[in-house]
Amino acid sequence: TIVRCLTPSHKVGGSNPNMSHPYEMYSFMHWINSSMATSFLCSLQEELDIRPKVSSFLSRLVNYTNITQGAREHEEEESANVSRKKAPKAPNMGTLMGVYLPCLQNIFGVILFLRLTWIVGTAGIAQSLIIVFMCCSCTMLTAISMSAIATNGVVPAGGAYFMISRSLGPEFGGAVGLCFYLGTTFAAAMYILGAIEIFLKYLLPQAAIFHASGPHGGDSAMLNNMRVYGTLCLSLMALVVFVGVKYVNKLASLFLACVIISIFSIYAGAIKSITHPPEFTVCMLGNRTLERDLFDVCSKTVVVGNETVPSQLWRSFCPEGNVSSAQCDDYFSQNNLTEIPAIPGLASGIISDNMWGDYMQKNDVMEKAGLSSVDAKGPAESIGMYVTADIATSFTLLVGIFFPSATGIMAGSNRSGDLRDAQKSIPVGTILAITTTSLVYFSSVVLFGACIEGVVLRDKFGDAVNKNLVVGTLSWPSPWVIVIGSFFSTVGAGLQSLTGAPRLLQAIAKDNIIPFLRVFGHGKANGEPTWALLLTGVIAELGILIASLDMVAPILSMFFLMCYLFVNLACAVQTLLRTPNWRPRFKYYHWALSFLGMIMCVALMFISSWYYAIVAMGIAGLIYKYIEYQGAEKEWGDGIRGLSLSAARYALLRLEVGPPHTKNWRPQLLVLLKMDEDLHVKYPRLLTFASQLKAGKGLTIVGSVIQGNFLESYGETQASEQAIKNMMEIERVKGFCQVVVASKVRDGIAHLIQSCGLGGMKHNTVVMGWPYGWRQSEDPRAWKTFINTVRCTTAAHLALMVPKNVSFYPSNHERFSDGNIDVWWIVHDGGMLMLLPFLLKQHKVWRKCNMRIFTVAQMDDNSIQMKKDLATFLYQLRIEAEVEVVEMHDSDISAYTYERTLMMEQRSQMLRQMRLSSAERDREVSSGRSFTFYMVLGDIAQLVKDRHSLVRMGSLYSDEEEEVLESPTEKVHMTWTKEKCEAERRNHTNAPENFRELISLKPDQSNVRRMHTAVKLNEVIVNRSHDARLVLLNMPGPPRDTGGDENYMEFLEVLTEGLERVLLVRGGGREVITIYS
């Protein structure tokens, strides 16, 4: 839209504002009406160049909810490439078809048909109801949290992964997304194992490849059969999914119909059992249950013709001889055979017997408590005739096995793009589905306990009822309804899992948060995740090789519980933070419900299997740390960032604004860096030293100053910040970066010292570099800025550290295998000199260095007592160090000291004479008078160069502050006269006389004394610490009179001459170390 802004010159009727003609007045009013609509847009013309109008913005939002379900993110859906494709079909699925029925299909599964009767018989009705209540409550609370998240915006592909990652960040999202993926993959393995169990146990037992070789070989043979047929079934299903998902979707309604018909047949059979219970009987020997398929008649003898002969059951317990002479099993001989109904019926009162549990150990025989029995021990060979427990059971095991039957609640949120009104359908459909399935589970527990005999309920594979599916014996009109229906429902559920898991992995891979998963984001031309399907098949095969439904179920329970845990966490975090974007349409949620759901998820994880829970959490933790360390950075506006901000605000408000207690004091650093012309860090070893001193603890702020105007230097500021952050990452400095722009560098440094930090998190120590080459430079700004910073830190009561010769400091990759860290404790500065070596030795670079502390004794000091007191003090400080007391006697001032002082003052006087005004210098240059002047200055400058100085590396702040010197003036061409030539000769003759006064200058006595102290102390330090790895010195304060600043720099140079690595330390005026605990 182009808005043409009219100026006052665009008046209708010309430039004359006095329009008397009616037509002109009408035209003017028409122009007013037509331009009023766009007049306010004229004032926003610049905004319209970069921002859309509201009308165009709303038109783009019309199809926002029309995102099709797939692996492509909603950001990509709005891209130009996608917009050119065919527009997706409008979503038209309602709550019933889009959410309710898919959730029913995913929740109902193999556990209901194959294991719920066994759970009821083992745990009893009461504890089974507790198990169902725990699992269903957990999923209901999770569904409430999920509904709040799902109605807070559109949920594209990935379902739970998308919700968690966008709510808790990429680290949590990737970790839980992979857990959800693994859970879905193992669910496919569980469904396949359930289908194969139905096939080999109840549909076609003759298809078994492996057979039992002995009385105890049946279990291993069955496991091998499950592995072979499971692998074949998995391969076939993966091929179907690879060929076309549309076939799976078309069969989904058939599989759902099988589930619903099977459930209705159970209720019909329970109602029919009131009057006509099914005719299934159980053969009992005493109170023990016999396997019905191993014999024909439940009797010890049978009548053939007129003769009584041993039955098949007799021959099983009495292998030799006839009825009278056989040596039989003692238990068989002393107990009678009875037949009891397997399905007594709803009106039989069996519910009282099944109310309480009967947990068993492996190979325990199924016994009925109400039947009389004579206890006798039979041979081990007879154990194969009884129905025995195949695994040891416990309440926790049953919880882990049942929980997968409560999962599948994410089916609705996964289809949000296909729903007509996802904000309404997802909460209603999901909660209704969980309510329906919970009622089915509760009623099924009661019906199974009220209709079926207890020993039959505990018989997992129906051996007591002639190898029939236990739940099938209750169904009407035929057990085959349940068998066939459950088989197809498990196959359909397996296909659905194999379809969903690769797409979930593809969504995670396309987010590019886990680098090694990128390959699984690719697939066929139509977007089908081929590589992800291959990996899913491999992982599912691992579950198939376990071959036990009871072993696989707790594994996937862990992964689903991990996912539900973080869904609840996401809702709780968003609710408590009250972020502006948290506006879910579903209003019936509360943070307390989400926390209760979290607690239940954790409890169920450890109740089911504590070691599986630890493994699942370990996997999630490893993935989290991997994404945090290696993965791509994503900013999704997640709640964890908001939680971090809230926690930081809370901690800062609680943190005392005043200084911390001495026991908690540690150097919180403000590192002042210099940037070169290319905006690179000039001395990166300052950061290296900071990282070695901090070792990742406490606060580190890295600051720098750019000279100029902020409006013009904003780009340089951003580039400098990025360069500093990169260098901090290289040197492993954990902290913050702050770059300020100021007209003068000294002002910028003062601003950093005053304003860095927040609340109680402020720096207490400043680290800055030494101004190298300050003596060679005619520009005094370098050392003036340095001294001004020292004064600022003193005024702010901050500690100061100045690493001298910092380029010689070790890198983080170096190791000192020996050597000393020498501390020269001249003045007590609060304990900084004691604390710093201790902190440095925590780092691997300095760990093997020994610490030595030197102190200076004068003539009137007792050096022996000083050494004892210092050793006692260090012992109380718990610091291991060698103690030495150095005696310094008064001596005469040497000629060298006098010479150094004289050279220092001559240099100062010379530089003061050199600092001419710009106008005078121009006149000198233009007239030629300055030639002799600068020749003499050059000789003296050469004279006063320090003969002991190290390699100079340029000034720390050589281009700083003050007014920038004006550029040299252009050459002035003059016409010389005879008088001017005579005047120039007289000036040349008088110039050396000025410097004779400079050379005859006598030094100030106070400067001589200071120089004498510095020289003598330097001699002692170099003598004792010339080979030390690091020397720590008290840093003298600058003079109160600014006129002696240059002399102060000279004193520091003399004090540190001949030392390779020196750390000048100045305390902040408070105690930083204590002997008390």
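Just so you know, glycine gets a Cβ as well, placed from its N, Cα and C.
Some features that TrEMBL has for this protein:
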- 94-119: transmembrane segment (TRANSMEM)
- 99-270: domain 'Amino acid permease/ SLC12A' (DOMAIN)
- 125-151: transmembrane segment (TRANSMEM)
- 172-196: transmembrane segment (TRANSMEM)
- 228-245: transmembrane segment (TRANSMEM)
- 252-271: transmembrane segment (TRANSMEM)
- 391-411: transmembrane segment (TRANSMEM)
- 393-670: domain 'Amino acid permease/ SLC12A' (DOMAIN)
- 431-457: transmembrane segment (TRANSMEM)
- 477-495: transmembrane segment (TRANSMEM)
- 531-549: transmembrane segment (TRANSMEM)
- 555-576: transmembrane segment (TRANSMEM)
- 588-605: transmembrane segment (TRANSMEM)
- 684-802: domain 'SLC12A transporter C-terminal' (DOMAIN)
- 815-888: domain 'SLC12A transporter C-terminal' (DOMAIN)
- 973-1077: domain 'SLC12A transporter C-terminal' (DOMAIN)
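With respect to Cβ pairs under 8 Å, the transmembrane segment (94-119) is most closely packed against 477-495, considering the stretches 125-151, 172-196, 477-495. Between the transmembrane segment (477-495) and the transmembrane segment (555-576), the number of CB pairs under 8 angstroms, six or more residues apart, is fewer than three, so the stretches are not in contact. If you take every residue in the domain 'Amino acid permease/ SLC12A' (393-670) and average the pLDDT, you get 86. Beyond the ends of the transmembrane segment (125-151), by six or more residues, the same chain brings 119, 160, 163, 167, 351, 354-357, 395, 398-399, 402-403, 405-407, 409-410, 412-413, 416, 422-423, 426-427, 430-431, 434-435, 437-438, 441-442, 445-446, 449, 561, 564, 567-568, 570-572, 574-575, 584-586, 588-589, 593-594, 596-597, 600-601, 604 to within a C-beta distance below 8 angstroms of the stretch. Residue counts for the domain 'SLC12A transporter C-terminal' (684-802) under DSSP, split into helix (H, G, I), strand (E, B) and coil, are 57 helix, 24 strand, 38 coil.
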